[in-house]
Every structure is written in C-alpha cells, then in structure tokens.
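To start, the structure under review is shown below, and the notes come after it.
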Amino acid sequence: MRLIDGKQIAAHIAEQTKERAEKLKKQGIQPKLAVLIVGDDKPSHMYVRTKGKAAERAGIEFSLTELPADATKEDIINTINNIQSDKSITGLITQLPLPHREWENDVVNSIRPDIDVDCLTDTNLGKLVAETNTIVPPTPGAVMDILESIGVNPAGKHVVIVGTGTLVGKPLAIMMMNHMATVVTCNIQTKNIKKLCKKADILVSAVGKKHLITKNMVKKGAIVIDAGVDFDNGEMFGDVDVVRVSKRASYVTPTPGGVGPLTVARLLENTVILTEMQNKFIANMIPLHVPPLIKGRRLASMFIYEQHRTHRRNTYFFKIIFLGTISDCCKHSCLLFISNFCPRNQYTRCCYFFCNTSYDTKKMA
C-alpha cells in the first residue's frame, strides 16, 4: 500500500499558480479572491483561514466578509451582489455549508458565473456536463489530480462514489463519466453499499462521517480516495479508516494531508484562470509562424497558448490581434486557420479571443 501525499502534489500546482499570478501582475492585473462566510462554524472558519494564507503565498489578494448565523437569505444574496459589484474581484465563493442548507442553491446561483471559482453555479455545472468548461470544482479536480499523480486513467475503471453532494459527489460523477469510467453513486437510500464498494477499482468517499469506509468494504488492490471530513472532540478525521483500509488498498489518501491541500490549490488555480479569462489574457503566448491572409495582405497577428492540466482534453487558446476592423470575413478566415492548425479529435477543443490593436495589445506577453 502507498499513502498518497496530497501536500506534495498541491505544492507543485501552487508553484505554477504563483507563476501565472506573477505574469498577470506584470501586466497590471491583480487576481483577487473574495470569500463570504455565514455563521460561526469552527471548521468553516478554519478552512477560510487556510485559503487566505495559501492565497497570500500565491500572490492572490484575499478578501473576507463575515455575516452572523441569523442572517437572512436576502441578506446573504445582497452581500454577494455588493461584493461582486467591486470590479477588482476576480473570484468569489460562499463558504459552505450555510446555516440553512436549503438556501444554498439560490445563494450559489447569485454569484456571477465568470467569477464562480467553486464552479457550482447552474451555468458552470452545465458546462461541466457539456464538457465546455474552463475550470472544474476544486475537490473533484483534486481527486482527478491524485489519480493523475499515480498514473491512473479512470477510463474503463469501475468507480464508486459514496456521497452525492453538490460540492463533490455529483460533479465528480460527471467528470468520471466524461473520462469514460463506469460510475456508481451511493446515497443514504442506497442498499448494499458495502457490496457495491467492494466492486470498486476506484472508491471515493465524500460524506463527512468518521471511518465510514472500513476494510471489509474495499477490494484488494483498490484505490481509495477520502474526500470527506469529520471532527470528533476537535480532531479531524476522514471517511476512511486509513490504518485498516491500507492493508487492502493499493493506494489511499490520508485525512488530513490528502485531498484537502489539493482542494485549496485547485481553488486558487481557478481564481487565476478566471482572472486570465476576464482580462482576455493568455500567459506564454507564442506567435504562430503563418498568420491568416486575405488577398495576400496580413490581417492579423495570431498567438497560441496550449493550456495544460485540463485532464483528457488538450485545450488550445488562441488570441487573435486584428490590425484594424474585425469583420465577419476576417473572423471566418481565422477560424478556418485554427481548425486546420489543431488536431481534431475527441481529446482536443479550441477557445479563442478576438480583439483589435486598440483593445489590449499591451497585455500581450
């Protein structure tokens, strides 16, 4: 059995995020993450402090707004609207859970999708289903990072996810299906959970119940990922009884030190990605050798950046700087060039920005 060190993987992601944030700041663009927390739940406040410290290390400005536990839903939504009216905010989350969990969907959907770094709004979850997303929810993304770090492709694997919450279970199931895994989800009404879990090649638990997953629920050689957190007398525990499960699993993540650090790293990476998207900024842009032509005249400069860490898909980002008016004919010519440039298969997709020289050539790397 091998214990997976989430801190080590997170440190690598954090370093890349810091480098991207530095490139943004050199162009006068400051990534800024705002967090709203409601109530006095101690674990939630602990998580927020962790996020704030990590943001500071990554060069991301951090803003915290607190509301009392007796705040109404309207108070929370009005506060969110006030926060996102600040144009310096490039990412916003509401720390979950809320004191009234039945409010969570309305509250989350009051966040603008372009600054939704948790990727939980209906718009962004819909993009996840359609595979047109730019970011992924942090904890499901952390699970995929763990699998990538040990060289495991979910395609063709039998994946069992215990817990169907919006934060982890549901989006993770979508992502696993997008990766061609066979997925089973379990909730409190599921019968024979032990039997289902024991069939899993990859078992993920995201319930928040101490030692829910025991040795007799794990197939020999399975990969077990603990995405749940519970507190007992102030001590943090995960869903997985790591000591005993490790005797059967090939890989297992500890709590703390497994999924948690990666979730924070993913959140900050999402903040930087959305900051880049909002400012139509692409780091490490490379000029293409042959720009598109119309009637023998160069009409634009085209730059490309291939985004890494997209899991399964290569996403090519094109930034097209036009020398003058952007006509439909010019756009069509450029899109033809893009379609010929990129390998067209199920693992590749393209994103592109159009702008002219008066718009933002100063942001070119």
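Note that Cβ sites are derived from N, Cα and C of the backbone, with glycine treated the same way.
Per TrEMBL, these features apply:
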| type | residues | note |
| --- | --- | --- |
| BINDING | Gly163, Thr164, Gly165, Ile188, Val229 | NADP(+) binding site |
| DOMAIN | 4-118 | domain 'Tetrahydrofolate dehydrogenase/cyclohydrolase catalytic' |
| DOMAIN | 137-277 | domain 'Tetrahydrofolate dehydrogenase/cyclohydrolase NAD(P)-binding' |
Taking every pair from Gly163, Thr164, Gly165, Ile188, Val229, which the record gives as binding NADP(+), the longest CA to CA distance in angstrom is 17
Long-range Cβ list for Thr164 (NADP(+) binding site), cut-off under 8 Å, min separation 6+ in sequence, same chain only, gives Lys170, Ala173, Thr185, Cys186, Asn187
Reduced DSSP state (H/G/I helix, E/B strand, rest coil) at Val229 (NADP(+) binding site) is strand
Residues near Val229 (NADP(+) binding site) by Cβ (under 8 Å) yet at least 6 apart in sequence within the same chain, in sequence order, are Pro43, Gly208, Met236, Phe237, Gly238, Thr255, Gly260
So Ile188 (NADP(+) binding site), by the Cβ count within 10 Å over all chains shown, scores 8
Secondary structure of the domain 'Tetrahydrofolate dehydrogenase/cyclohydrolase catalytic' (4-118) by DSSP, residue by residue, totals 60 helix, 19 strand, 36 coil
Among the binding-site residues Gly163, Gly165, the one whose Cβ has the most other Cβ atoms within 10 Å is Gly163
The correct three-state DSSP answer for Ile188 (NADP(+) binding site) is coil
By a three-class reduction of DSSP, Gly163 (NADP(+) binding site) is assigned coil
The DSSP breakdown of the domain 'Tetrahydrofolate dehydrogenase/cyclohydrolase NAD(P)-binding' (137-277) into helix, strand and coil residues is 53 helix, 30 strand, 58 coil
